[in-house]
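Following: one structure in structure tokens, then a few remarks.
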């Protein structure tokens with residue numbers, strides 16, 4: 001320690017001496033820089049700088065984290081537009097049988113239509129090939145027209161028609177029916193008579209008729225001679241069996 005202090009004192013004296021001598025002589029030109037001194041001690045920490053600009057995004061991202069817990073349900077949204085109708089589904093199974101209905105009131109046969117007629121030939125008019133039965137015996141609800149020989153249906157349903165006609169000759173008759181706008185239908189009956197005796201030709205049928213349909217008896221022009229007298233009568237009858245549903 002004492003050696004260092006002595007060395008420092010010697011240096012100070014030498015510098016002073018040189019300075020004094022230098023004042024007495026002419027100034028010499030500047031010399032070259034000396035050797036760099038020993039680095040000084042670190043200074044005190046400076047003040048905190050301002051915040052820098054955000055850096056560019058990194059090239060690689062981190063590992064994807066685990067799925068988080070489900071959040072709370074949001075409020076209901078507004079109703080959407082009505083969609084197009086879907087395709088028709090398959091036919092469902094039959095449902096159980098319903099309960100038995102209440103028994104209805106008893107029907108009154110007096111309130112039901114009961115068309116029926118019977119007519120015989122007495123003094124019939126000539127009406128082509130139509131066989132006219134001019135004398136009416138029964139004509140319930142007036143379905144039979146004795147001037148034309150036609151039955152006109154007013155109550156749709158199933159009817160029975162029959163005839164018994166007297167003749168001494170060969171005879172062919174038909175029960176003819178006709179619907180409005182439809183071709184007529186006929187059902188023929190024939191009988192031969194070689195002895196010239198009274199003989200009955202009979203026929204009958206059941207027909208389903210609609211309102212406005214007509215039924216009559218028609219003769220064959222070549223075999224249509226009917227007995228006309230007081231000894232026997234020819235008759236044409238018909239009636240409703242039951243109405244259509």
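Each residue, glycine too, has its Cβ placed from N, Cα and C.
Per Swiss-Prot, the feature signal peptide maps to 1-22; the stated evidence is experimental evidence. Per Swiss-Prot, the feature domain 'Collagen-like' maps to 31-109. Look at Swiss-Prot and you will find 35-111 tagged as region 'Disordered'. As annotated by Swiss-Prot, 4-hydroxyproline applies to 39, 45, 54, 79, 85. The annotation 5-hydroxylysine is assigned in Swiss-Prot to 48, 67, 100 on the grounds of similarity to another entry. Swiss-Prot lists 48, 67, 100 with the feature O-linked glycosylation site. Annotated domain 'C1q' per Swiss-Prot: 110-245, in sequence order. According to Swiss-Prot, the disulfide bond annotation covers 172-190.
Where Swiss-Prot records a feature, it is marked here on the structure.
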residue: 39; record: 4-hydroxyproline; DSSP class: coil
residue: 45; record: 4-hydroxyproline; DSSP class: coil
residue: 54; record: 4-hydroxyproline; DSSP class: coil
residue: 67; record: 5-hydroxylysine; DSSP class: coil
residue: 79; record: 4-hydroxyproline; DSSP class: coil
residue: 85; record: 4-hydroxyproline; DSSP class: coil
residue: 100; record: 5-hydroxylysine; DSSP class: coil
residue: 172; record: disulfide bond; DSSP class: strand
residue: 190; record: disulfide bond; DSSP class: strand
Averaged pLDDT score, the domain 'C1q' (110-245): 93
Integer Å distance between the CA atoms belonging to residue 172 (disulfide bond) and residue 79 (4-hydroxyproline): 83
Cα distance (Å, whole number) from residue 190 (disulfide bond) to residue 67 (5-hydroxylysine): 103
Sparsest-packed of the listed disulfide-bonded residues (172, 190) - C-beta count within 10 angstroms: 190
Of the modified residues listed as 39, 45, 48, 54, 100, the one whose CA lies nearest the CA of residue 190 (disulfide bond): 100
Secondary structure content of the domain 'C1q' (110-245), with strand meaning DSSP E or B: 2 helix, 75 strand, 59 coil
Nearest of the recorded positions (48, 100, 172) to residue 85 (4-hydroxyproline) - Cα to Cα: 100
Whole-number Å value for how far residue 48 (5-hydroxylysine) lies from residue 39 (4-hydroxyproline) (Cα to Cα): 25
